[in-house]
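Undergrad: Below is a structure I'd like to ask you about.
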């Protein structure tokens, strides 16, 4: 490694073009949408006369549409260009977040969240490729920046949701719509027009990429991991028995640790243990946290502690998995990312609804226990497919 490379690696993360920061800002707002509704779930359930499983569909519709559309986002981007794909995604989010705030029934709100998910799919998958493409310091630096935006968005989302939700459950939806409009203006002016790829991405290229065992192993394990992730995120507000402010602060702490470990701790752990060993250890830790939450569900302080501590684990998992996926198959990074993200989000889509049904038909602790078991199975998938991941280098 020459001195120039060393300097770029040291300064690249923060010394980025304005276009990168514009996209990163929009990423923060976009990821706010994941945790934004967390503190207002009980309020929505009460005011729209919905059960926990019905309210959980706000996550399910959002994530299901996001996951499904991510299979095709690369094909869309290669035809209309990355910048216009970002802009189109932002417009969808602005419109459907605003419509969500004006909903009069849970069915309407669930439908509008699905439309929000469509915009999210177009934006998120393209944003990662754009940040990697226009940033300085290499792909590993860009991925860390992207995961930091993810963590910051997820942490600020509940805080904003709690503060605005104390005014009305509708306020967070209108708030995101306004912030995304600001992001739209920033990207329109700061992001230069990016050249379209020489070769168009096929409509089904992302699906076809899953034939590679390394990528398939990562995708399936992420599907199972994200099931546990969204059990924690979407179900916990109903267990904690806190108001909007309290829920906002708890999940702000969770997201803050997630953001910190995704940027600072994950690269160190990845380098020290390698891809498979680091993920196996972290999956076991997350599964154990969920099982503990299942055993002592009635202990509010313990549940809060487990949620916040889990953020540290999840931040490392997110960065290590996203980095590893880029080298898990002999396809373009954008295609690998789309395939992986699609399967990952679909796993997350199932968890909230299943958690609600389990709690209604069994006990309040059942969703956590089931989530822990599913994450443990995800760890077994990694172990069984480890030979297909042997070529992935830390910090790829």
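Cβ from N, Cα, C; glycine included.
These numbers come from a predicted model, not from an experiment.
The transmembrane segment annotation in Swiss-Prot covers 20-40, 56-76, 80-100, 114-134, 142-162, 171-191, 214-234, 249-269, 278-298, 301-321, 339-359, 364-384.
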Undergrad: Same chain only, please: residues at least 6 beyond the ends of the transmembrane segment (142-162) with a C-beta under 8 Å from a C-beta of the stretch. Say none if there are none.
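TA: Here the qualifying positions are 13, 16, 20, 24-25, 27-40, 127-128, 131-132, 135, 172, 175, 244-256, 258-260, 262-263, 266-267, 311, 315, 318-319, 322-323, 326.
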Undergrad: Can you tell me which parts of the same chain pack against the transmembrane segment (214-234), counting only residues 6+ beyond its ends and a CB-CB cutoff under 8 A?
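TA: Distant Cβ neighbours of the transmembrane segment (214-234) are 34-35, 38, 41, 56, 59, 63, 251, 279, 283, 286-287, 290, 293, 307, 310, 314, 317, 321, 324-325, 328-329, 331, 336, 339-340, 342-352, 355, 367-368, 370-372, 374-375, 377-379, 381-382, 384-386, 388-389, 391-392.
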Undergrad: Considering only Cβ pairs under 8 Å, which range in 56-76, 171-191, 249-269, 339-359, 364-384 makes the most contacts with the transmembrane segment (301-321)?
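TA: Against the transmembrane segment (301-321), the leading stretch is 249-269.
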Undergrad: Hey, which bits of the same chain come close to the transmembrane segment (249-269), Cβ under 8 Å, at least six residues off its ends?
TA: 35, 38-39, 140, 144, 147-148, 150-159, 162, 233, 240, 242, 278, 282, 304, 307-316, 318-320, 394-395
Undergrad: Six or more residues out from either end of the transmembrane segment (114-134), which same-chain residues have a Cβ under 8 Å from its Cβ atoms?
TA: 17, 19-20, 23-24, 26-27, 30-31, 33, 61-70, 73-74, 76-77, 82-83, 85-86, 88-97, 99-100, 142-143, 145-146, 191, 194, 322, 333-334, 337-338, 341
Undergrad: Find the member of 20-40, 171-191, 278-298, 339-359 that has more C-beta pairs under 8 Å to the transmembrane segment (80-100) than any other listed stretch.
TA: 171-191
Undergrad: Do any residues of this chain, six or more beyond the ends of the transmembrane segment (339-359), have a C-beta under 8 angstroms from a C-beta of it, and if so which?
TA: 51-64, 66-68, 70-71, 124-125, 206-207, 209-210, 215, 218-220, 222-231, 234-235, 238, 321-322, 325, 328, 366-367, 370-371
Undergrad: Short question: which residues 6 or more past the ends of the transmembrane segment (20-40) have a Cβ under 8 Å from it?
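TA: For the transmembrane segment (20-40), the nonlocal Cβ contacts are 58-59, 62, 86, 90, 93, 97, 116, 120, 123-124, 127, 130-131, 134-135, 145-146, 148-150, 152-158, 160-162, 165, 169, 172-173, 176, 179-180, 183-184, 186-187, 190-191, 233-234, 236-237, 244-248, 251, 255.
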